[in-house]
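Chemist: Below is one structure. I have some questions about it.
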Amino acid sequence: MNEDIIVAVATSRLEAAISIIRISGPESIAFVQKFFTGKIIDKESHTINYGYIIDDGKRIDEVLVNIYRGKKTFTGEEMVEINCHGGVYITKRVLEVCIKNGARIAERGEFSKRAFLNGRIDLSQAEAISDIISAKNSYASELALNGIRGNISNFIEDLKEDLIKIITQIEVNIDYPEYDDVEELTATSLLPESKVLLEKMNKILNDSKNIKLVKEGIKTVIIGKPNVGKSSLLNALLQEEKAIVTNIAGTTRDIVEGSISIDGIVLNMIDTAGIRETDDIIESMGVEKSKELINQADLVLLVIDGSLKLDQGDQELLELTNDSNRIIVLNKADQGIKVNLDGVVISAKDSDIGALTNKVKEMFELGKIIDNNDHILTNARQTMLLQKASQALNQAVEAMKMLVPTDLIVTDLYECWNNLKEILGEKAKEDLLDELFKRFCIGK
């Protein structure tokens, strides 16, 4: 148990109407009473109390103090929240009074770490708290909220329950073979249950493939020949003059990045140098980088000048991007379209790009990922561990098919079990916890 009292500002340190200073640790209420004029020692939990913060007998600020008793607080410890007036100076002064009286500044994520260590949340819920703070769109926020509610935790617990039933049957057969009334267990009799469990794991792994797109956004590369309107399209999407736009072919040498949100779908935009043969060393470096980005992109916007007939360069780009997740964008609709291709028609110059944004929404229906499944893994750590669990269980299933003795199969089942436990942090190592919680903001 932590014996020290920690304190941190839980709100922004910019000027605001209210600042909240969070305190946690043993006897936190008695600690705050030392510099708070309101009487809170005997007050009930979850009450709001009026008074002043004082320092050496001088009033610092008029505040409201929330007190939380017992172990059913966020951290599992006694907690206090001081609601003082916002602003840099007053917030700093109240924080200084807390430190002066014996509290220490909390480390990043220490409140959530204490909640985990005190059993108030498991590791997947702690990760969800971090995710909701950093959410870039409504989908990522909803996904994180599902994690905080314990949807992932409940699913993993169900998997553990199913698995332990299989392990228990094997262990009973191994430990008590002399009992005539104990059913002689064979690999064949365990196979159906194990296959059902494996199917559940693999379904969640498959459903979680697009989570990176939800959380981090869709890496979108704009590709095309020089002077087809790539930079104009980027500017139309970003609604700002971020890329140089001229009539001189090859003016975009640097890769320009920006992000936009289309109905909650975040596109991380990358404009590229026009792909063409060139003797300019600097420009050729940009061309090679463009080709590399095509292979790494989640979405490729291939921009073609629709007012001109296709030439060899266009054909080469169509072939180059053929295996990518591609949208063909026929630009310069204001000059008339002469190209017969299955693509979206726009005029980037006039910011007439509605057809393109509609196509993007059609391709990436991220909302359905959230709506259709509450049990989605939210980060690489969880996915890696469930993959390991699935691999171990798959090895056990294959062994069962070959009628391997069950006492040999149980090793793989325990490996699966341990990986499921680690998703919830039930055997998390201290260095893993430190790495996770230091990513949080101070005050969380």
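A Cβ is built for glycine as well, from the same backbone N, Cα and C atoms used for every other residue.
According to TrEMBL, the protein carries these features:
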BINDING   ARG22, GLU81, ARG120, LYS444  (6S)-5-formyl-5,6,7,8-tetrahydrofolate binding site
BINDING   227-232, 246-252, 271-274, 331-334  GTP binding site
BINDING   ASN227, THR246, ILE248, THR251  K(+) binding site
BINDING   SER231, THR252  Mg(2+) binding site
DOMAIN    217-365  domain 'TrmE-type G'
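I'd like these features described in context: how deep, what's nearby, how far apart.
Modeler: Cβ contacts within 10 Å of GLU81 ((6S)-5-formyl-5,6,7,8-tetrahydrofolate binding site), excluding its own Cβ and spanning all protein chains shown: 19.
Every protein chain shown contributes to the tally, and the Cβ of LYS230 (GTP binding site) ends up with 27 other Cβ atoms within 10 Å.
According to DSSP, ASN227 (GTP binding site) is assigned to coil rather than to any helix or strand.
Around the Cβ of SER231 (Mg(2+) binding site), a 10 Å sphere holds 25 further Cβ atoms from the protein chains shown.
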Chemist: Need the DSSP three-state call for ARG120 ((6S)-5-formyl-5,6,7,8-tetrahydrofolate binding site) to compare against my parser.
Modeler: coil
Chemist: How big is the gap, in Å, between the Cα of GLU81 ((6S)-5-formyl-5,6,7,8-tetrahydrofolate binding site) and that of SER231 (Mg(2+) binding site), rounded to a whole number?
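Modeler: Roughly 50 Å, rounded to the nearest whole number.
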Chemist: Cα distance, LYS332 (GTP binding site) to ARG120 ((6S)-5-formyl-5,6,7,8-tetrahydrofolate binding site), nearest Å?
Modeler: 58
Chemist: Among all the protein chains here, how many other CB atoms are within 10 A of the CB of ASN227 (GTP binding site)?
Modeler: 19
